[in-house]
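Chemist: Here TrEMBL flags 1-21 as region 'Disordered'. What TrEMBL lists as compositional bias 'Basic and acidic residues' is 7-20. Per TrEMBL, the feature transmembrane segment maps to 181-201, 207-226, 259-281, 287-308, 416-437, 443-466, 473-501. The domain 'STAS' annotation in TrEMBL covers 529-652.
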Amino acid sequence: MPSMVHSTEEEHEIKERDVRSLSSFHHSQNGPYMHKVGVPPKQNLFKEFSHTVKETFFADDPLRPFKDQPRSKKFILGIQAVFPILEWGRSYNLTKFRGDLIAGLTIASLCIPQDIGYAKLANLDPQYGLYSSFVPPLIYACMGSSRDIAIGPVAVVSLLLGTLLQDEIDPLKNAAEYRRLAFTATFFAGITEVTLGFLRLGFLIDFLSHAAIVGFMGGAAITIALQQLKGFLGIKKFTKKSDIVSVMRSVFDSAHHGWNWQTIVIGASFLAFLLLAKYIGKKNRKFFWVPAIAPLISVILSTFFVFITRADKQGVQIVKHIEKGINPSSVNKIYWSGPYLGKGFRIGVVAGMIGLTEAMAIGRTFASMKDYQVDGNKEMVALGAMNVIGSLTSCYVSTGSFSRSAVNYMAGCRTAVSNIVMSVVVLLTLEFITPLFKYTPNAILASIIISAVISLIDYEAVVLIWKIDKFDFIACMGAFFGVVFVSVEIGLLIAVSISFAKILLQVTRPRTAILGKLPRTNVYRNTQQYPEATKVPGVLIVRVDSAIYFSNSNYIKERILRWLVDEEEKGVASHQPRIQFLIVEMSPVTDIDTSRIHAFEELYKSLQKRDVQLILANPGPIVINKLHASNFADLVGEDRIFLTVADAVASCSPKLVEDV
């Protein structure tokens with residue numbers, strides 16, 4: 001009996017000795033050298049704050065060209081920064097002008113019929129669309145940094161503006177007041193864009209995700225096309241609502257008495273012609289000019305046909321009168337006070353943000369194709385300035401047009417002078433040609449708009465979004481169905497809401513992973529991605545793939561403890577040694593705040609109760625600074641913070657690591 005007791009005590013001592021040896025952090029003199037985690041030198045508060053502000057708002061270092069320059073040179077550089085045309089204009093030559101002239105004439109032939117149609121989409125008289133392709137492109141050519149973007153009214157912003165404005169003022173009963181509100185909204189759209197650029201807040205538009213934009217644009221394209229059924233079918237009484245149910249009900253209710261067969265023939269014939277031209281241009285890039293001039297050819301032919309047949313007497317609706325002459329001043333028409341001031345501000349901010357998003361996407365796309373840089377903040381200031389000045393000269397919100405910019409690019413534009421050429425052509429049109437549009441049928445404008453907005457439906461992007469990220473697909477479809485079945489503003493709200501929801505979800509529920517050791521290496525990787533990676537007995541290695549803030553600190557702590565419980569249960573089932581060490585791999589953790597440090601302290605205490613040792617691996621400079629400042633590094637122990645996971649594992653269980 002005494003021998004049995006002695007044997008039991010001896011086994012207990014051996015087991016305790018094994019545990020102590022496993023938990024020992026003694027570094028053998030013959031073992032590999034382990035580099036300690038470096039603590040960067042402390043910066044004073046002002047330097048740290050100024051560095052953060054610089055990286056947030058001045059990451060592109062805009063003042064770099066002014067460094068070590070004399071005052072006269074700084075003044076010239078300052079003027080060139082505001083008006084880039086003064087910089088690239090010095091090297092402008094006849095060869096470049098030849099390319100810009102051809103491109104400018106080509107996009108002018110496309111923009112004139114589109115502008116007339118887009119103005120009607122915004123519930124404005126046709127000339128206001130032409131006004132918006134005269135003044136704003138001139139301003140942008142002087143201030144913009146993109147060589148390829150073509151400026152003018154666009155379908156989505158026109159629809160958005162028309163929808164929001166008519167909710168406040170009836171465009172038929174109070175046309176003058178409606179125009180005043182449109183100019184007021186345009187003014188504040190410009191102010192919004194200038195403010196974002198001047199304060200270098202362009203990163204705010206990136207919060208609207210690509211998936212949400214794809215869905216919103218696709219939904220807007222469907223809505224715009226449905227709105228054109230009024231002109232395409234010759235319907236006189238049509239719903240003011242934009243949702244698909246209301247539009248289709250209005251279409252079918254007027255089927256027996258409201259449709260005009262001559263209008264349908266004109267619209268369908270020229271729509272087929274426009275789509276064929278588009279197909280030819282897409283098939284062979286040498287024929288890019290075919291879809292570019294097709295709308296103007298359609299307008300000329302249909303106008304001539306209506307004039308000689310007097311189809312307007314048979315119920316074919318025509319444009320009728322377009323005001324002749326250049327933009328009149330609208331300074332005294334903007335609401336500077338009263339109840340419509342706030343409404344104009346609200347509508348302008350929304351329209352300005354959408355216009356800015358579209359223009360920035362277009363500018364960056366073509367800049368990458370030609371391998372040059374577009375200054376986002378300068379672009380915002382330029383777009384805002386042109387809309388502010390445009391609002392004072394009877395224009396409504398203008399931005400970059402994708403279809404016209406694509407034609408501009410393929411036509412061989414070299415600089416923003418192509419916008420100036422287009423503007424001059426529009427000027428000549430306003431002065432001399434507008435009376436010729438009197439007999440232009442509304443059906444042809446509807447056909448032009450339908451053929452233009454079809455390209456906004458990006459099927460390939462939707463399929464790619466589905467393959468890559470299902471949550472992004474939900475955002476895309478949410479925005480799409482919101483626009484199609486409710487309204488443009490609700491669709492936009494859904495797009496923004498889902499984009500923010502995704503950000504919040506990623507911040508509050510970051511990914512965590514269990515790491516294992518890849519065979520014949522000292523590399524530790526996610527066991528789900530690398531099934532061959534083996535877990536170290538007695539050690540749980542967890543990686544946190546996010547910065548750690550108050551919004552996710554409790555989740556991360558609870559998630560780590562759940563991993564621990566799960567692994568302990570698996571260990572018991574498979575007769576593995578119990579977990580004695582928890583290693584947290586912190587290389588993806590870019591920052592940590594006070595809440596998370598408190599959560600780590602709570603985690604440390606919870607682990608102590610379980611007799612599990614907390615170990616940290618590879619904390620970054622910001623993280624290690626904050627851990628030292630909060631004294632958490634002292635709580636855990638300096639000898640329990642390692643440069644790599646391999647060092648951490650080797651220190652706590654060298655024998656087990658060799659066996660793995």
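Even glycines carry a Cβ here, placed using N, Cα and C.
Please treat TrEMBL annotations as automatic predictions, because they have not gone through curation.
Locate each feature and note its surroundings.
Modeler: Only residues 6 or more beyond the boundaries of the transmembrane segment (287-308), in the same chain, are considered here, and those with a CB under 8 A from a CB of the stretch are 106-107, 109-110, 112-114, 266, 270, 273-274, 277-278, 280-281, 316, 318, 407, 410-411, 436-437, 439-441, 443-444, 447-448, 451-452.
Within the chain carrying the transmembrane segment (416-437), a Cβ under 8 angstroms from the stretch's Cβ atoms is held by residues 85, 92, 96-97, 99-101, 103-105, 107-108, 111-112, 115-116, 126-127, 130-131, 133-135, 137-138, 140-141, 144, 146-147, 149-152, 299, 303, 319, 322-326, 408, all 6 or more beyond its ends.
Long-range contacts of the transmembrane segment (473-501) within the same chain: residues 159-160, 163-164, 207-209, 211-216, 218-220, 222-223, 241-245, 350, 354, 462, 465-466, each at least 6 residues beyond the stretch ends and with a Cβ under 8 Å from a Cβ of the stretch.
Here the domain 'STAS' (529-652) is broken down by DSSP into helix, strand and coil counts: 62 helix, 21 strand, 41 coil.
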Chemist: When the pLDDT values for the domain 'STAS' (529-652) are averaged, what is the result?
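Modeler: Mean model confidence (pLDDT) across the domain 'STAS' (529-652) is 86.
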